[in-house]
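Chemist: So Swiss-Prot says this about it:
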- Ser121, Leu122, Leu123, Pro124: (6S)-5,6,7,8-tetrahydrofolate binding site (BINDING)
Amino acid sequence: MTHSLRVIFAGTPEFAAAALAAIHEAGFPVPLVLTQPDRPAGRGMKLQASAVKRYALERGMAVAQPPSLRRAGKYPAEAVAALDLLHATPHDVMVVAAYGLLLPQEVLELPRHGCINIHASLLPRWRGAAPIHRAIEAGDAETGVTLMQMDAGLDTGAMLHEARVAIAPDDTTATLHDKLAAAGARLVVDALVELERTGALAATPQPADGVTYAEKIGKHEAALDWRKPAAALARQVRAFDPFPGGAGTLDGATLKLWAADAVPGRDDAAPGTIVDIGPDGVVIACGEGALRVTQLQKPGGKRLPAREFLAGAPLAVGQRFAPADAA
């Protein structure tokens, strides 16, 4: 099936690429794709194209990669060129998903139907940069995807559609990301079909209550504070997989802890102390309960199941991870 609604797409990572793929496969014309400039990545730090750019180029779509869209910003010449291109490209709506650049008012007002954002949370909860991580970290039972009509604020626009997704007890940011990317892709296609058919989408202002912000994830957040309850640390490990992981310092070496669950602990063990080692994992005392770590990684090594890790790097009951503030 082909459609007449012309969609400019702006996005960068895999989450956005899933939406672009769904829009393209549904038959909507995409006359232009905006994505971030190529960035150094990987161990060799070679320039790599974004997931959105790779998908678009493989299908012959026009791609632009301005470092900014602000005329008065750090890259005025590049911004002006990109804005001229947007003005010269006939389109009806812009879909934005994890693009990574601020859209000035000029861009928000350019499409006939405005700019629709795909946000990976149930707004107004978890506005901001890291909604998937923060939902898991906080212990939310569910999250979802919200389509909103973009305005000048940070994820403050009126809500158009939403899809709810349960957070499974073993979900990591990686697995939940994929569920939400698929949900967002379906949601935006349904919305575009409705927009083409009816000419407008019903918009509901976000409620004033329940607003929270999902701050960007920092590498420093990997450090596990063993004084916390084991359940909170297990959520932290899941929330920070694949980045930045959970981390603990043992005898001066920083170990990455990639998979863990909360188990009953011992009252006589200081937080951070290894209280049991077995084929099922390494059990570490916490402020409340204990954390059973089932996947570990030593510096320069690979992620390994506990059994394989211990075969090459034995640990002992009684060893103690350094406090987070001393690591």
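Each Cβ is built from the backbone N, Cα and C atoms, and glycine gets one as well.
What you see is a predicted model, and the numbers here were worked out from it, not measured in a lab.
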Chemist: Using the centroid of the Cβ atoms of Ser121, Leu122, Leu123, Pro124 as reference, list every other same-chain residue with Cβ within 8 Å of it (recorded (6S)-5,6,7,8-tetrahydrofolate site), in sequence order.
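Modeler: For the (6S)-5,6,7,8-tetrahydrofolate site the neighbour list reads His119, Arg125, Trp126, Arg127, Pro131, Gly144, Thr146, Asp155, Glu162, Gln206, Gly210.
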Chemist: Enter the number of other CB atoms within 10 angstroms of the CB of Ser121 ((6S)-5,6,7,8-tetrahydrofolate binding site).
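Modeler: Within a 10 Å radius of the Cβ of Ser121 ((6S)-5,6,7,8-tetrahydrofolate binding site) lie 24 other Cβ atoms.
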Chemist: Pro124 ((6S)-5,6,7,8-tetrahydrofolate binding site) has how many other Cβ neighbours within 10 Å of its own Cβ?
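Modeler: Taking all protein chains shown, Pro124 ((6S)-5,6,7,8-tetrahydrofolate binding site) has 20 Cβ neighbours within 10 Å.
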Chemist: Return the residues near Leu122 ((6S)-5,6,7,8-tetrahydrofolate binding site) by Cβ distance under 8 Å, restricted to its own chain and a separation of at least 6 in sequence.
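Modeler: Those within reach of Leu122 ((6S)-5,6,7,8-tetrahydrofolate binding site), by Cβ under 8 Å and sequence separation of 6 or more, are Glu142, Thr143, Gly144, Thr146, Glu162, Arg164.
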Chemist: So if I measure Cβ to Cβ from Leu123 ((6S)-5,6,7,8-tetrahydrofolate binding site) and keep only same-chain residues at least 6 apart in sequence, which ones fall under 8 Å?
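Modeler: Sequence-distant Cβ neighbours: Thr146, Met148, Asp155, Met159, Glu162, Gln206.
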